[in-house]
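Per TrEMBL, these features apply:
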- 1-21: signal peptide (SIGNAL)
- 177-249: domain 'Cadherin' (DOMAIN)
- 250-367: domain 'Cadherin' (DOMAIN)
- 368-481: domain 'Cadherin' (DOMAIN)
- 482-589: domain 'Cadherin' (DOMAIN)
- 588-698: domain 'Cadherin' (DOMAIN)
Amino acid sequence: MEIGIRILIVFLVSQVVHIGAQKEGEEGCVPGFQVKEYQVEYNGGFQKDHPLTQVFFDDCAGNEGLAFEVSHPDFQVDEEMNLVARRDVMDSGTVMFIHGVNEQADDMAQVDIVGAPPRSPQTLREILGLGQIQPYRSKRALFAPRMHVNENMEPPFPKVIGTLIVMSPGMENDHIFHMTGSGADQDPKGVFTINRVTGEVSVSQELDREAISSYTLEVSVTDLSGKLVEGPVALLVDVNDQNDNRPIFKETRYAGEVLEGSPTGTVVMTMTAEDADDPRLQNAVLRYNIVRQSPDKPSPNMFYINPESGNIVTVISPTLLDRETLPTTQYELEIVAQDMKGRDVGLTGTATATITITDKNDHAPEFTHSLFQANVDEGSRGVAVNLTVDDRDDPATGAWRAIYSIINGDPTQNFEIQTNPDNNEGMLSVVKPLDYESVVFHTLLIKVENEDPLVPDVGYGSSSTATVHITVLDVNEGPVFFPDPLQVTKMENIPLGSFVALLNATDPDVLQSQSIRFAVLRDPANWLSVNPVRGTVNTSANLDRESPYVHDNKYTAIFMATDNGSRPASGTGTLVIHLEDYNDNAPYVHPSVVRVCEDTKDSVVIVGGRDRDIHPNAGPFKIELGKQPGLEKTWKVSRVNNTHAQIMLLQSMKRANYQLPLVVTDSGLPPLSNSTEIKVQVCTCKKNRMDCSSAGSVCSNLMMLLALVLLSLFCL
């Protein structure tokens, strides 16, 4: 009996809930019993397992986990949704209630049994347990059944969506209903209202399930004085989905590609659309379809899309899926996604898929001619001939780009071949000049391949090789010097007109009888002359090893030889003269100015010898005092090493500038000597500082030194 009471209460509430919802529910699926009331005739009783009637329940999501409860304990709903008796029943009563429930739906249906004798108790108050059957029940009870409201309901508002039930023995109008929570007194405020007396719950505005799919409220009951007598209990309001959202593709245009010759059924790409409606309902169950293919050749159905997964696959045979024979390499598909499992009532969304047929290397490159010919001037470099090929594969891919190679006829590697990236032609070039007098004709065998390997069932044929005939044309070539450079060794300062070298130049054009004339092309110091016929080189000025035109003891000149052909040709050769040193430069002393401190004996300075000549005409140097008498009493010069000597002041001298005569001699054969003078500044020295500022006020020369010497001798 308690089960029956509970089911009946929920049924009464559900009936109230669906009064407002049924008016709007015809536009879409409403979870619950699709038929609310059933009638069964009573013929003296019901046999076990004999169906009374079939009920219709749909939670709009597949009825997974659906369970039924019947108010009469001797009846049940079987797997076929048939109401059957558990045993032979005579006392069925005149009405039964069926409660269907799962996670998606909670609803009640009524079964009227026509002609059956009533059961006791049978009045509504007795069934609810409010009569004398349960005199002990005195506590009130608040029931808040789960309510449903369709989104997008049209005005007028408010609309009643359900009623709360409070039961109390002997008390019917002494309670006040209250409702709080999001949707009532919290944001969004005022969506739902409650009749404080009757407990009717109403919706006051149009709802959008995609914005808020459900509301959780709290309801309670107080007495007239405001004292809480029931609750709070949770009130759940579900917003029923309407099919008001079209499928939307993430992108308006999709791109995919498939390799030519791919097997039938090859997945090309996947189309994906989204529907904001309830994914548990058919409102969001999508189906895909191709409505247009452009172009529609060779078949209007080259591709197929899986209605459920959105995978686009090939339908055309691999043989027909040939990029080189298809009318285009790109196909455009118009894809439609439709909800409601693709039924006509469903909403649609559209996108475009562009499929590119990509190339594989199934065509070998072929020369347009089996023989190519070209004429090349001897001695020249550059492109001799452009080799052309045909390749039906996709341009600008490795299956089309050509690689050329010389496989025969070039033992000395005079040629090379490169690919022109713009037109795929092979540019055969001469990289080492050809010689007409050596070989007039060259025959090359050229092979062409692709960057990418060919597919296994395709190979390179005879058309992938070609022959190239190169004819070398005779050109008047300039004379060639040998050796080049010509190197000789000469002593500097040899007499004018001395023989230096004999130039040797020959004409490569051996089949022509031509004469050669010589001329000076570059002679920086104008030291040389050449006999135009014989090619002898003589001096026209002194050769000077110390000249700025000589570098590292070498002097370089350039000569030109010209033939007498119809178009004269010339060649150049280099003469390098290695100059040997002659002792023609006297040595000198460095530095030319030195400083010593006054009133200080034994002051020492270091000087060195230098020479523009080189060994053995330079150091070791001999440095000594000049030949003037008496110098040795004031100055002393002594050897430090092969190149330097030290000068010592033997007595104190006044601050002044003195010219000290020295003689420096080199080691040449014969040796050269140089009598020179250096300036000696006698300065005041204090605290490691040397002051020579007034040293120039006295200009003393050799005569002053001699006077000092004579004065000192006289004083003695």
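Note that the numbers count up from 1, one per residue, in the order the chain is shown.
Placement of Cβ uses the backbone N, Cα and C atoms for every residue, glycine included.
TrEMBL annotations: computationally assigned, not manually curated.
Using DSSP to sort the residues of the domain 'Cadherin' (177-249) gives these counts of helix, strand and coil: 0 helix, 39 strand, 34 coil.
Note: the domain 'Cadherin' (482-589) comprises 0 helix, 50 strand, 58 coil (DSSP; helix = H, G, I, strand = E, B).
DSSP states for the domain 'Cadherin' (368-481), grouped as helix (H, G, I), strand (E, B) and coil, give 3 helix, 53 strand, 58 coil. For the domain 'Cadherin' (250-367), the DSSP-based tally of helix, strand and coil residues reads 6 helix, 50 strand, 62 coil.
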